[in-house]
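Asker: Please read through the structure below; I'll follow up with questions.
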Amino acid sequence: MARVVVDVMLKPEILDPQGQAVANALPRLGVSDVSSVRIGRRIEIEFTGEADLDRVREIADKLLANPVIEDFTIHEVADEPVPAGDPS
Amino acid sequence: MSARVGVVTFPGSLDDGDAARAVRVAGGEAVRLWHGDSDLHGVDAVVLPGGFSYGDYLRTGAIARFAPVMESIIDGARGGLPVLGICNGFQILCEAHLLPGALTRNSHLHFRNRDQWLRVGTSGTAWTNSFEADQEILVPLKSGEGRYVADQATLDELTANGRIVATYVRGNPNGSERDIAGITNEAGNVVGLMPHPEHAIEALTGPSLDGLGFFTSILKHLAGATA
């Protein structure tokens, strides 16, 4: 089994209103040194066998991201996801 | 024989009934099409109505674009079949690359639901020939992801070639680039529109009858095509 992560982000020149809303909320937490927040989407795909990264790229380009407004990156990760909050 | 205008229903479509009614009020025959059926049943034109399609889980219109009916519509549109996409239909047309650009979250993050003034940019499409250029019309708008974006070259091309079908006037409701509310493809047979003309066809339920012009336009266009 292979696990591939596709990260999709709005292109830098596209306004990210969600990111801006979060950035505008940070001063309420006392955070005043953040100049920008951008919000993207992480998609994990598990293959039954080996992962063909060229095919993943095609899936990302055609469906997972809209290349008009979004960029994406792809990387293969270890089978077992690291639990959230694991200090190691 | 009256022109047959197909109206597609996707899971989550909610304006398909209104769009079909608008076709009938304009004098056409509305043919209901199902998203899972690739057969267009011999229709002369297609309306992709508004709603919240299942593709919205990923991006508005992204999964709907791969519905079996869309493969036939994409082929047809490239061959000249008139297609009007309203709201979610506009988003699907952009995802299908039948229209350039994309529709993103409203710049203020709020869903907007109001009667909206538009200026018709061109009467030179299959869907706008009943209007005069620069005519102002009032139709309902209801969308959360209605902000039209495209790169500068595309925006310049749309402007220069008269492909902006409608612009927002008296206030831009979502931050759309160049106040764009609707655009057409190069051939003028595919039109995408964010506001909802199908909700402005009868005095009882709409703010005006201005929306009917889109549906009389297509019937006029089809009558001319067969004459």
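Including glycine, each Cβ sits where the backbone N, Cα and C put it.
Take a look at what TrEMBL says about it:
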{"type": "ACT_SITE", "residues": "B:CYS87", "note": "active site, nucleophile"}
{"type": "ACT_SITE", "residues": "B:HIS196", "note": "active site"}
{"type": "ACT_SITE", "residues": "B:GLU198", "note": "active site"}
Asker: What whole-number Å value do you get for the CA-CA distance of B:GLU198 (active site) and B:CYS87 (active site, nucleophile)?
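Answerer: Counting only the Cα atoms, the answer is 11 Å.
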Asker: Counting other Cβ atoms within 10 Å of each residue's Cβ, which of the active-site residues B:CYS87, B:HIS196 comes out lowest?
Answerer: B:HIS196
Asker: For B:GLU198 (active site), name the DSSP secondary structure in the helix/strand/coil scheme.
Answerer: helix
Asker: Do you know offhand how many angstrom separate B:CYS87 (active site, nucleophile) and B:HIS196 (active site) by C-alpha?
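Answerer: That separation, Cα to Cα, works out to 7 Å.
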Asker: By a simple count, how many Cβ atoms lie within 10 Å of the Cβ of B:GLU198 (active site), its own Cβ left out?
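Answerer: A 10 Å sphere around the Cβ of B:GLU198 (active site) contains 30 other Cβ atoms.
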